[in-house]
Amino acid sequence: MAKHLFTSESVSEGHPDKIADQISDAVLDAILEQDPKARVACETYVKTGMVMVGGEVTTSAWVDIEEITRNTVREIGYTHSDMGFDADSCAILNVIGKQSPDINQGVDRADPKEQGAGDQGLMFGYANNETDVFMPAPITYSHMLVKRQSEVRKDKTLPWLRPDAKSQVTFAYNSDGSIAGIDAVVLSTQHSEDVTQADLIEGVMESIIKPVLPAKWLSKETKYFINPTGRFVIGGPVGDCGLTGRKIIVDTYGGMARHGGGAFSGKDPSKVDRSAAYAARYVAKNIVAAGLADRCELQVSYAIGVAEPTSISIETFGTAKVAEELLIDLVRRHFDLRPYGLTEMLNLARPIYKSTAAYGHFGREEFPWEATDKVEALRADAGL
């Protein structure tokens, strides 16, 4: 069968952009813990020796931004000046202001069910059946590689590893869409000065790549690129500045689905960039899990200050078992996609976001938008 290739990448929790995402979501969680109705838009910038936390917040809560920031950086593993970034000595600037009352006017309502969207925008949710978590394989295994890198770094299996790392996996697909195998694997990891290139390659292959990637998809044709530049000592915020919201494809579907452009981290659930993207994933996953399609991409859009979505559309890439018009009707009947409705449906007004900020927001069963609790109702209503 003819084959085509598809590639996705991921980055570790120590990547500068992911440091920023985790700080933003740690601040959000701390505020939501005290004030579930808070309005939060928290942005973070990190560079050598400095973290700047800014944005707009309206809340009755008080949180210690400096302590939250230092704790987050420490948990990631930047704890010594030898790494170029130290949780205990970096400067922290707090430039958070209040949310515009013009936005509040459009969002808040006497009847919370009529809460308007916090902004206009379009969001996508996607699912397919090529993995047991209904996610594309390239992004799933890219995440697993850098997650494994973090584990063997923290448990000292490979004590010379440092926090910054990137992965990339290229899958080969048959013409019918089934997986033929893995064509290429890239893993670049920051390391200490004292490890040789040979030991690094062996350690990464034996302790990271082989335990993660299924042997059935590997062959003698599979290509491996482990630290292909030969040296990756300078990394983290010293190597590159980091910014919240700059890894939106890593956070979602690795490029296999479209993206509306809005980032997630640092945003409370009134921001449909985040909450509606989670709800769209919930819808798409339940449609695929119910057997109504093998692949499903749902688009939803909003106008600022308006509760009802301005559009809902579905693309199943020719894999639907029922008419797409029926799928849209099922979505409208079984899922409340108004901002208040989806926040209630998925119980989003609580501190659950920091753990989303590294290794992907989707395909992880601990999150409420990954539940498949609508499967039976969808099948029954579709007549299956």
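Including glycine, each Cβ sits where the backbone N, Cα and C put it.
As given in Swiss-Prot:
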BINDING   H15, D164, A165, K166, R231, F232, D240, R246, K247, A263, K267  ATP binding site
BINDING   D17  Mg(2+) binding site
BINDING   E43  K(+) binding site
BINDING   E56, Q99, D240, K271  L-methionine binding site
REGION    99-109  region 'Flexible loop'
Which whole number of Å gives the largest C-alpha distance between any two of H15, D164, A165, K166, R231, F232, D240, R246, K247, A263, K267, the residues noted as binding ATP?
36
Based on Cα distances to K271 (L-methionine binding site), point out the closest of the binding-site residues H15, E43, A165, R231, D240.
E43
Among the binding-site residues H15, R231, K247, K267, K271, whose Cβ has the fewest other Cβ atoms within 10 Å?
R231
Cα-nearest neighbour of K247 (ATP binding site) within the listed binding-site residues, D17, E43, E56:
D17
Would you mind pulling the DSSP three-state label for the residue listed as 'Mg(2+) binding site'?
helix
Can you give me the same-chain residues 6 or more apart in sequence from the residue listed as 'K(+) binding site' with a CB-CB distance under 8 Å?
A20, S24, V53, G54, G55, L243, T244, G245, G266
Which site among D17, E56, D240 has the most other CB atoms no more than 10 Å from its CB, taking these as binding-site residues?
D17
Note the mean pLDDT of the region 'Flexible loop' (99-109), expressed as a whole number.
59
